[in-house]
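According to Swiss-Prot, the protein has these features:
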type	residues	note
BINDING	ARG92, HIS207, ARG290, ARG357, ARG376	substrate binding site
ACT_SITE	HIS242	active site
BINDING	LYS275, ILE276, MET277, GLY278, PHE279	CoA binding site
ACT_SITE	HIS281	active site
ACT_SITE	ASP332	active site
Amino acid sequence: MTGPLAAARSVAATKSMTAPTVDERPDIKKGLAGVVVDTTAISKVVPQTNSLTYRGYPVQDLAARCSFEQVAFLLWRGELPTDAELALFSQRERASRRVDRSMLSLLAKLPDNCHPMDVVRTAISYLGAEDPDEDDAAANRAKAMRMMAVLPTIVAIDMRRRRGLPPIAPHSGLGYAQNFLHMCFGEVPETAVVSAFEQSMILYAEHGFNASTFAARVVTSTQSDIYSAVTGAIGALKGRLHGGANEAVMHDMIEIGDPANAREWLRAKLARKEKIMGFGHRVYRHGDSRVPTMKRALERVGTVRDGQRWLDIYQVLAAEMASATGILPNLDFPTGPAYYLMGFDIASFTPIFVMSRITGWTAHIMEQATANALIRPLSAYCGHEQRVLPGTF
């Protein structure tokens, strides 16, 4: 074949064997950075003002004036509860805290070196396997309540198991935060500790389309069940680039040991271009609005738990990072030492995060199910073009 048609085919064949040029490729957003994939009425992050609201309320105001139960109701229902609604909500939460013998047996059989996040993920899968209810909206609200109520019991059992201690049963006469602390330590600690813990739970409860929340919405978009969506979210949160930062913060502070070492430790890290955990945020560019509330909570806990050393290390690192890089702390930076002073094992910090974020995850799961569309993005192929299989290989 000769002439213009043959020439055109020759050019086409040549192009098919080469990767597309930059101009020919679509606009790829690695990590979906800057991509708006849906609407949500649950929370709003405004990077320009470093603000975060839940259903329109500033999170720092909620942390200062509300209980975690009130915030959970707000995230799920869209409005703060009346006194009567809160009483009924709390009654149902307290009635749902216990785990049965089969769950206790399952937790006891898990290896001692099992990652605490694997314990939480396995427990949620088991709850889903034994739940006979349908997956309609009303049932999902009840399932969300069950997970919120039972997760503290599971996390406390696992932490005590690792310490060689027997579990402590939930106390129906105590509020959410007091009950969890009692199940962990056998007593209700100082008011400053209870208050700081509850505030941390409110501050961690929800944060838009982060990786774990988006994972939950992706699973939900396939019309899978709520437990599968939460399990997917837990798997995402286990990853080092999403959860675990408050654990890393505390490991770093322990490595520093003395406030006098903090400045040189940080300078050496920066010289090696290593990431400093607890600083910076992909969304907030000029500071995390949750930090001042949690820093004050850390200071209160430090006062009653002899935590001046960690407060001093915090101050040195924060000041030096701001001076050297302009990067400010995120919520994980004050939460790490706060949880450590409360007495929690470092390995349990991220499971505690799950206890909080279960409210935000399930709010998003229910919102996704209400106006669902299968989440199915496209990809740009960059491998070999179609090839002929050789006769022998």
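Including glycine, each Cβ sits where the backbone N, Cα and C put it.
Positions of Swiss-Prot features highlighted on the structure.
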residue : record                 : DSSP (3 states)
HIS242  : active site            : coil
LYS275  : CoA binding site       : coil
HIS281  : active site            : coil
ASP332  : active site            : helix
ARG357  : substrate binding site : helix
ARG376  : substrate binding site : coil
8 Å Cβ shell about LYS275, ILE276, MET277, GLY278, PHE279 centroid, CoA site members excluded: ALA245, ALA248, VAL249, ASP252, GLY280, PHE333
10 Å Cα neighbourhood of PHE279 (CoA binding site): matching recorded positions from ARG92, ASP332, ARG357: ASP332
When distances run from the Cα of ARG290 (substrate binding site) to each of the recorded positions HIS242, LYS275, GLY278, the nearest one: GLY278
Cα separation, HIS207 (substrate binding site) to GLY278 (CoA binding site) (Å, whole number): 16
Cβ-Cβ neighbours of HIS281 (active site) (radius 10 Å): 21
Entry from the recorded positions list ARG92, HIS207, HIS242, ARG290, ARG357 having the most other CB atoms no farther than 10 A: ARG290
Length of the line joining the Cα atoms of ASP332 (active site) and ILE276 (CoA binding site), in Å: 12
Sequence-distant neighbours of ILE276 (CoA binding site) in its chain (C-beta under 8 A, six or more apart): ASP252, LEU266, LYS269, LEU270, LEU317, MET321, ILE327
Cβ packing number for MET277 (CoA binding site), 10 Å threshold: 21
Proximal but sequence-remote residues of the same chain as ARG376 (substrate binding site) (Cβ under 8 Å, at least 6 apart): none
Cβ neighbour count (within 10 Å, all chains shown) around LYS275 (CoA binding site): 11
Cβ-based isolation winner (fewest other Cβ atoms within 10 Å) among the recorded positions GLY278, PHE279, ASP332: PHE279
Assigned conformation of HIS207 (substrate binding site) - DSSP reduced to three states: coil
Rounded inter-Cα distance in Å - LYS275 (CoA binding site), HIS281 (active site): 12
